[in-house]
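Below are the structure tokens for one structure; questions will follow.
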Amino acid sequence: MAGDLTQTLDPLLILVALAPFIAALFTPLLQRLIGSYAGWVLALVPAGIFAYLSSYLHPIATGTLVQGAIDWVPVYNLRLSFYLDGLSLTFALTIAGIGALVVLYAASYLKGHPHQGRFLAFLMAFMGAMLGLVLADNMLALFMFWELTSVTSFLLIGFDHSRQAARRGAIQALVVTNIGGMGLLAGVLLLQMIAGTWEMSAIGGVVRDSGLYGIVLACILLAAFTKSAQFPFHFWLPNAMEAPTPVSAFLHSATMVQAGVYLLARTTPFLGGTEIWTTLLVGFGGVTLIWGALGAMRQSDLKQMLAQTTIASLGLLVLLIGLGTETAILAMVAYFVAHALYKAAMFMIVGAVDHGTGTREITALGGLANVMPLTFFAAVLAGLAMVGLPPTIGFFAKEEMYLALANTEWQGILTLLVLVAGNALLGGVALLVVIKPFLGAMTETPRHAHEAPPAMLAGPILLAIAGVIGSIFIIGLADYILSPAASSIRGDYVESHLGWAIDLTSPVIWLSVATWILSGAVYYWAGAIRSGLRRASSALGWTADTVFDAVMFGLIRFAGAVTRWLHHGRLELYLVLVFVTLALALFVPLLGMGGLERLLPTAELGNWSAVLAWPDLRPYEWGVIALAVIGLGAVLMAPSRLVAILSLGVQGAAVALIFLLFGAPDLAFTQFMVEILSVVILTLVMTKLKLDERDPRHLEDLLRDGTLAVVCGAGVSLLLMVVLAGPLDTRLSDFFTATSVPIAHGANIVNVILVDYRGFDTLGEISVVMAAGIAIMALLRSRKKPAAPPKPRTRKAKGATA
Amino acid sequence: MEHVLAILVGLFVALGIYLLLSRSVIRMLLGMVVLGNGVNLLIFTAGRLTREIAPIVPDGLSVPAGPIANPLPQALILTAIVIGFAMFSFLLVLAYRAYQTLDADNTDTMRLAEPDNAPNPPLSY
């Protein structure tokens with residue numbers, strides 16, 4: 001059936017991804033106008049998207065592919081293209097549906113918070129990024145939305161930016177997921193190179209046979225594993241729990257962390273199915289499942305427990321994608337839906353408990369069922385799904401994943417054992433979260449326990465009930481969501497066999513029963529397991545977290561060391577660096593690129609009389625040049641500064657005379673003027689200052705500076721001689737000379753060039769002079785203000801009155 | 001004759017750089033002036049030298065009668081002289097103010113922006 005997909009065009013698809021961004025723009029304004037009721041209005045956006053996308057359930061189930069695109073960078077043949085198939089539809093519906101409830105929940109959760117508008121705007125922007133990500137067809141668009149989810153989630157996690165823990169969590173999430181983002185960019189570029197297209201839907205099977213397959217796979221896996229918190233990149237996710245609870249419910253259940261899972265599912269048709277794919281995904285997924293589940297048992301903070309179970313669930317999903325069989329993929333989609341529903345509900349429930357009691361510590365809570373009956377009701381339903389008991393989608397997901405591994409070889413049996421162990425641990429955590437806070441004796445809590453407001457209850461109750469209803473109508477759910485999504489991943493039609501007819505003779509159901517019994521056991525011995533795990537982890541002494549800190553601080557130290565090495569604050573060394581570079585720039589072309597060869601051709605080396613002709617200079621020209629040399633020498637040797645300044649005037653006057661002798665009277669006059677002014681001003685200023693007369697230079701500095709100066713001077717001389725040996729391009733000068741009178745009506749060609757042909761240059765020059773004048777004025781005006789001692793001021797004031 | 005000027009340019013540049021490498025601010029200022037003159041002469045010489053005939057079109061003619069000095073380098077240098085002077089004045093006042101505020105004309109003692117033993121950036125988030 002996958003072969004004969006009908007394709008429909010729907011430009012509105014672009015709006016689905018962009019609408020939340022547009023809404024985000026107006027969110028702060030809306031929040032300012034109507035306060036936390038803004039949540040009810042904003043929730044309409046994802047709700048509308050949900051309704052709109054739902055209309056595609058039937059067409060997609062019957063094999064339609066919906067596409068929409070606009071030109072992005074037409075020059076490079078880039079189109080911002082989106083498409084909707086079973087997989088994108090499932091993810092988009094989850095994002096929009098849970099998104100609507102989370103926005104509602106957040107408006108109530110953060111009621112009265114001064115930055116609620118900002119928060120809701122971040123949330124909407126994140127939703128847009130996520131929808132764009134799962135709908136994108138163009139791989140560069142996919143990458144762009146991928147990075148946008150990282151950036152928006154950074155803003156959300158660090159929302160409470162006055163706390164260091166929140167800042168750290170946000171930076172950690174950003175760093176880790178952006179490393180993956182770079183991997184994704186590299187992978188996407190390689191994919192384009194191999195397949196010659198930016199559209200994922202058009203890649204086909206060429207990648208697996210390419211020699212670059214291994215690198216592409218590594219890049220994509222890096223992206224997916226960092227985003228989906230797979231071992232060993234799992235550590236950022238629990239720290240991201242510093243975010244307000246609605247963020248955790250949204251980002252860390254159904255959306256952001258699932259982006260990696262989505263990427264793996266999306267790339268399965270052209271990357272999946274190889275042995276290395278299966279090995280890596282099953283291996284990393286399995287380790288992550290067990291690691292996360294054990295991590296959850298170690299925690300006693302409800303939110304941290306859920307965060308760790310999310311890591312475990314992500315591992316489970318990756319493992320199932322790695323297996324890649326029809327049953328495994330169907331189980332993966334079912335588990336994704338079940339998990340999204342119950343995990344978002346669970347986070348919201350924990351948020352409601354926190355909101356109602358003021359604590360999330362599982363050991364400090366008990367007996368809340370009486371005061372928070374509706375929350376308890378939602379918790380029970382969500383807990384059923386998490387344990388995998390009927391009637392929930394979680395039950396079918398678990399059945400299906402066991403079925404995927406029944407009757408296989410030893411690797412399959414091992415994987416099955418990992419699954420059973422992981423599910424049992426997750427079930428135990430679910431029992432803890434549902435039973436401990438709500439049943440038993442009522443305990444004292446920081447806040448007087450009370451039921452959550454309606455907007456905070458709507459989410460968990462609706463989501464938990466959805467999990468039950470979905471399982472009751474499992475055949476419809478399978479036909480419209482699970483099977484189309486699995487078909488998109490597999491690339492050919494996946495027939496669902498899910499139904500309520502339970503075969504008691506199959507080993508699968510008994511594996512489920514075993515899982516439930518083990519879950520109960522885990523619950524019973526939870527305290528012992530927790531203290532055992534804590535002892536083990538403190539015996540280990542370090543975690544991925546400490547490694548991250550060490551790397552980050554090492555980076556700061558390294559940056560500091562590099563800065564101190566390069567920016568040592570000694571001006572003359574900076575200048576030495578500049579002039580060494582100049583010397584290199586002069587001599588490398590001269591020696592390495594044949595510059596000297598042009599000046600002194602080897603063939604003429606013997607013919608000294610031709611090369612060393614006496615320069616054709618007249619006596620007074622020699623005199624002027626001698627004057628310049630004497631002026632320079634006097635500047636260098638001057639015993640006092642006043643003499644040095646006067647010598648400066650001598651060399652300047654010599655330059656002006658050279659200009660005069662060689663046909664540049666304008667230059668000569670300007671030069672005379674400038675030199676006279678410079679000498680006068682310098683002398684005026686110098687007599688006011690009591691300066692040190694000596695030029696403090698040690699012998700080694702003297703040698704270094706002298707050598708560098710001589711080398712640079714010689715380089716400039718040689719370069720100029722090489723230039724003089726070559727031909728002169730006079731086209732510009734000829735043009736100016738020929739057109740000065742006819743076009744510009746000016747006889748002085750230099751003046752015509754300055755004010756006519758290069759008028760804008762002259763304007764720029766005047767601006768520079770003006771800027772310098774203003775800066776000088778500012779420097780002189782600000783003279784007495786900064787550190788004037790108080791005494792003279794009073795005296796001055798007295799003088800003024802007198 | 002251009003080669004003699006090329007050597008002179010080298011002398012200007014060498015002295016300018018030598019003075020710029022000094023730690024005394026006023027000497028650096030002199031170095032700026034000398035280096036600027038050297039670069040101006042460099043441009044002038046690179047445009048080839050022509051004796052005494054200024055690039056001015058005589059009255060009644062539309063183009064000069066004979067060969068003239070190259071006008072293009074002259075236009076460039078004229079701009080450079082003026083900008084050089086603006087920069088010189090600004091640097092002079094800056095040095096003057098620095099001397100008043102920091103009581104120093106030695107770059108070694110001017111460490112306000114990049115102090116010795118600057119502390120490490122804080123190791124936290």
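Glycine too: its Cβ is placed from the backbone N, Cα and C atoms.
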Would you please say which range out of A:86-107, A:328-349 has the annotation transmembrane segment in TrEMBL?
A:86-107
Kindly say whether the transmembrane segment (A:413-435) and the transmembrane segment (A:573-592) touch, using the definition of 3 or more Cβ pairs under 8 Å where each pair is 6 or more positions apart.
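No, the stretches stay apart by this measure.
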Short question: which residues 6 or more past the ends of the transmembrane segment (A:276-294) have a Cβ under 8 Å from it?
214, 217, 221, 225, 229-231, 234, 264, 308-324, 415, 418-419, 421-422, 425-426, 429, 533
Who are the long-range neighbours of the transmembrane segment (A:12-30) in its own chain, taking Cβ under 8 Å and residues 6 or more past its ends?
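Contacts of the transmembrane segment (A:12-30) (Cβ under 8 Å, skipping residues fewer than 6 from its ends): 38, 41-42, 45-46, 48-49, 52-53, 66-70, 80, 82-84, 92, 99, 117-118, 120-122, 124-125, 127-128, 131-132, 135-136, 145.
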Of the residues in the domain 'NADH-Ubiquinone oxidoreductase (complex I) chain 5 N-terminal' (A:74-119), how many are helix, strand and coil by DSSP?
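Going through the domain 'NADH-Ubiquinone oxidoreductase (complex I) chain 5 N-terminal' (A:74-119) residue by residue, I get 31 helix, 7 strand, 8 coil.
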Taking a Cβ cut-off under 8 Å, which residues six or more beyond the ends of the transmembrane segment (A:573-592) line up next to it in the same chain?
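Answer is 704-705, 708-709, 711-712, 715-716, 718-719, 722.
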Given the model, what does the mean pLDDT over the domain 'MrpA C-terminal/MbhE' (A:703-788) come out as?
86
Against which stretches of its own chain does the transmembrane segment (A:119-136) lie, if we need a Cβ under 8 Å and a gap of at least six residues from its ends?
13, 16-21, 23-25, 27-28, 31, 38-39, 42, 45-46, 49, 81-84, 87-88, 91-92, 95-96, 99, 102-103, 106-107, 110, 113, 142, 144-146, 148-149, 151-153, 155-156, 159, 200, 244, 246-247, 250-251, 255-256, 259, 262
